[in-house]
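Participant: The structure under discussion is supplied below as structure tokens; questions concerning it will follow.
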Amino acid sequence: MKSFLLLFLLFVTFSSALPADQKMENEENMQLAQAYLNQFYSLEIEGSHLVQSKNGSLLDGKIREMQAFFGLTVTGTLDSNTLEIMKTPRCGVPDVGQYGYTLPGWRKYNLTYRIMNYTPDMARADVDEAIQKALEVWSKVTPLTFTKIFKGIADIMIAFRTRVHGRCPRYFDGPLGVLGHAFPPGLGLGGDTHFDEDENWTKDTAGFSLFLVAAHEFGHALGLSHSNDQTALMFPNYVSLDPSKYPLSQDDIDGIQSIYGGLPTTPSKPKGPKIPHACDPDLTFDAITNIRREVMFFKGRHLWRIYHDITDVEFELIASFWPSLPADLQAAYENPRDKILVFKDENFWMIGAYNVLPRYPRSIHILGFPRYVKKIDAAVCDQDTRKTYFFVGIWCWRYDEMTRTMDRGYPQRIVRHFPGIGLRVDAAFQHKGFFYFFRGSKQFEYDIKAKSITRIMRTNTWFQCKEPLNSSLDFHFNQEKAYSGEVETLHHQSLSLLIFGIVHLLNKICSY
């Protein structure tokens, strides 16, 4: 009886603490939202009480503005997706106000830059290389040139700073949060670019890539505003990409060339199309789909074709099957009606019985995508639930193949719905109950029911390629858990074990 009473009191103690904890969490979230919207969306609150009707309606309006910019469901409330965006590391330049449009650029093409100080996180040579490559990202698509100087005033003054710094009207907030900021072309602070020294700067993707953040900030220093295109380098939130890959989207290129124009055109000898090799260790795919008892892997103008029960691999031109389809497809999947849908940009084609159906291509927006979605990165249909997942940037949509409508509650962030696979997906398909997600030269075998990765492999393991010694990627993926939210699960498990231990100890005490 005593042990039961103690257990009851313990339960009441934990239960009574929850409302207070929830209230405190709500207050912290509201303070976070106010600071975020004030910094990036020009929110001006009168007084300190957000519950006032005037301030409340103003806050709701700014939340809606922010949700619309990031492509979230516009509710005006601080839902979990909105808070998650607000907590994501990002650029310190506002999303609205004077930065709402592309700004006038420099009135010259030959610009100078100077690195005022260096971060101790990286070797000086690595910092120099990251800055140089970040500037080259923009010079490769414009007539701009960049020359490094070692003294005097440069057009772009580069510095690593912390918190409140010098004459700069912007400040840093310590680790995470704001990573950097830059000022548009002009006199004084114009072109100046600052990075938060409290961050962990790296030359790869282990911490925050200086190359990627610098390339983004230099976009501002050249006159670009933020983009709501989630694939764009000028998207305000930090997205980890392979630094060896070219980071500009067409949206970035169009923006910078609208200010400075494109590269001068010079006649060049045309090069033949590159033919992909199945056993290339860095092989990536544009799209993958089941097609009855086959799987097709698309790359450029070509496709590989394998059968579920045959080890042979066929390599063909896409045009040899479907002359009307374009090259460089971006997504594909087989629906429950044995139709294949293939996607490129804002269009999709439907294939039945190996023939492209008439009246195609059609717009992806008839499937229920909002107008800001310009392309699909990957798609896969769960044949058990008849639900299709579409991957767009860092988000996934779910489509009901029976009602032919998008499911409510979507889009959701990929890292929350499919923990462990990372931020983006290049291609996907289903095989023997597992999803296979492809990102770069890796593929993730994913248990749908357990919501966990079972294996990580190279992309071309389907092609019977001989693995070089020590090349297996089938390992314990602790780093992938950083994306998965499994830390939260482990926390709850630990809390449960702690409570169980306390109760067990109290029972032993009462028995004496």
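FYI, residue positions are counted from 1 along the chain as it appears here.
Positions of Cβ are set from backbone N, Cα and C atoms, glycine also.
This is the feature table in Swiss-Prot:
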BINDING   D286, D377, D426  Ca(2+) 4 binding site
CARBOHYD  N110  N-linked glycosylation site
REPEAT    276-325  repeat 'Hemopexin 1'
REPEAT    326-371  repeat 'Hemopexin 2'
REPEAT    373-421  repeat 'Hemopexin 3'
REPEAT    422-465  repeat 'Hemopexin 4'
MOTIF     89-96  motif 'Cysteine switch'
Participant: With helix taken as DSSP H, G or I, strand as E or B and everything else coil, how many residues of the repeat 'Hemopexin 4' (422-465) land in each class?
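Facilitator: Result for the repeat 'Hemopexin 4' (422-465), in helix, strand, coil order: 5 helix, 24 strand, 15 coil.
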Participant: Give the helix, strand or coil assignment DSSP yields for the residue listed as 'N-linked glycosylation site'.
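Facilitator: For the residue listed as 'N-linked glycosylation site' - judged by DSSP and reduced to three states - the answer is strand.
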Participant: Which residues, in sequence order, are found in the same chain with Cβ within 8 Å of the centroid defined by the Cβ atoms of D286, D377, D426 at the Ca(2+) 4 site, excluding those residues themselves?
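Facilitator: Near the Ca(2+) 4 site, beyond D286, D377, D426, sit T284, F285, A287, Q330, A331, A378, V425, A427, F438.
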Participant: For the repeat 'Hemopexin 3' (373-421), what are the DSSP-based totals of helix, strand and coil residues?
Facilitator: 4 helix, 21 strand, 24 coil
Participant: Given a 10 Å Cβ-Cβ cut-off, pick out the one of the binding-site residues D377, D426 that has the most other Cβ atoms nearby.
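Facilitator: Result for the most crowded candidate: D377.
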Participant: What are the DSSP helix, strand and coil residue counts for the repeat 'Hemopexin 1' (276-325)?
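Facilitator: Result for the repeat 'Hemopexin 1' (276-325), in helix, strand, coil order: 4 helix, 25 strand, 21 coil.
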Participant: Looking only at the repeat 'Hemopexin 2' (326-371), what are its DSSP counts of helix, strand and coil residues?
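Facilitator: Helix, strand, coil within the repeat 'Hemopexin 2' (326-371): 4 helix, 19 strand, 23 coil.
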Participant: I'd like the Cβ neighbour count for D286 (Ca(2+) 4 binding site), meaning other Cβ atoms within 10 Å of its Cβ, all protein chains included.
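Facilitator: Taking all protein chains shown, D286 (Ca(2+) 4 binding site) has 24 Cβ neighbours within 10 Å.
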Participant: Tell me which residues of the chain lie with their Cβ under 8 angstroms from that of N110 (N-linked glycosylation site), as long as they are six or more apart in sequence?
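Facilitator: The list for N110 (N-linked glycosylation site) reads L144, T145, T147, given in order along the sequence.
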Participant: Across the repeat 'Hemopexin 1' (276-325), what does the pLDDT come to on average, as a whole number?
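Facilitator: Over the repeat 'Hemopexin 1' (276-325), the predicted model scores a mean pLDDT of 86.
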